[in-house]
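Notes to accompany the following structure.
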Amino acid sequence: MYQSKKVLLLGSGELGKEVVIEAQRLGVQTVAVDSYEHAPAMQVAHNSYVVDMLDPEQIRTIIEKENPDLIVPEVEAIATDELLKLEEEGFHVIPNARAAKLTMDREGIRRLAAETLGLATAGYEFANTYDEFIQAAAQIGFPCVVKPLMSSSGKGQSVCRSEADLESCWETAMEGGRVKNGRVIVEEFIPFESEITLLTVRAVNGTAFCEPIGHVQKDGDYIESWQPHDMTEQQIEEAKHIAKTITDELGGYGLFGVELFLAKDRVYFSEVSPRPHDTGLVTLVTQNLSEFALHVRAILGFPITEITQLSPGASRPLKAPEELADYTVEGLENALAVPKTQVRVFGKPITKAGRRMAVALSAADSVETARENAKKALDQLILK
């Protein structure tokens, strides 16, 4: 029997699904774990489990049972303290348990970037209570950005433009966080010209970068991305310096999604994820190796010899307007008729308001055409 490596994913969404597919292409046995049944990666993995991802005992039980070669976190909300213990016992966490813990919430990584590494970031304060939040907002000034320390896909984020918004912004953060009634970060509002993701790969042969990905966010969640994003040479060098500094500090092998603000005067660090990034779905149609293929090669210890941009491209996610227990995705025939366009339907068991259910991906001779075509394709898709 073929003796393959075993990879266990903690988190089994649409990004994890692509990781599983790429791992299987290299003969890897895959195990998908998440908090709900029939998650996207579970549909293609060799084995799967449903657990409370924040319960250390449940996480340990599955890992000890499966004894994987690699533990690959695909979401933030995991019992990371248990991963630290498991790593000490000899299990291999990607990129490492410290990075998983630091990036689990916004406080650890922000303090590391700004206070330890001295990277340029927006000004920030933290608050545990509503009274502390009022004081933090007053200190940062208006407008300011309010985020729960732990959330996914931008849930719970809002812009607080004046004192009149304080109560609603606090409630939004409390409702949107992974941990209810949790801590929040209040950030200075940076008047940026654009937001980018710089996909950064740490592999056995060094650090490599993908072309920058531009994106548009709404309520903290991406609604469009494109690659490449036009930047000056100085901006590119500054972005690469920031990305290499933060990823070198985190260490380990794998792909990191480094989010940055481009302002007139400088590049600001925003966040980093030690895993494939949602805005990077566009690389499925733009690069010789997608972000998922790069991640898998790097974590398996293979060198990254080249990353080639094959074409400009763009992505547009389909988000559910409401919760539906039973649904279909209509309009695929028309969406797929758009030139050089693909659609990936994630197959999530139910919809929830704002949940990503599919993505339109378009390649073209220019970013502008790709963005237009991705929008055309998305406009054909309807959830019913």
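Cβ from N, Cα, C; glycine included.
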**Request:** According to Swiss-Prot, E14, L15, E74, K348, R355, R356 bind N(1)-(5-phospho-beta-D-ribosyl)glycinamide; so which of D165, D248, D265, D278 is the extra one listed there?
**Result:** D278
**Asked** If you measure from the C-alpha of E259 (Mg(2+) binding site), which of the binding-site residues E14, E74, G154, E195, R355, R356 fall inside 10 Å?
**Response** E195
**Prompt:** Of the binding-site residues listed here (E14, E74, K348, R356), which is spatially closest to G156 (ATP binding site) when Cα positions are compared?
**Reply:** R356
**Request:** In three-state terms from DSSP, label G154 (ATP binding site) for me.
**Result:** coil
**Complete:** Simplified DSSP label at D278 (N(1)-(5-phospho-beta-D-ribosyl)glycinamide binding site) comes out helix
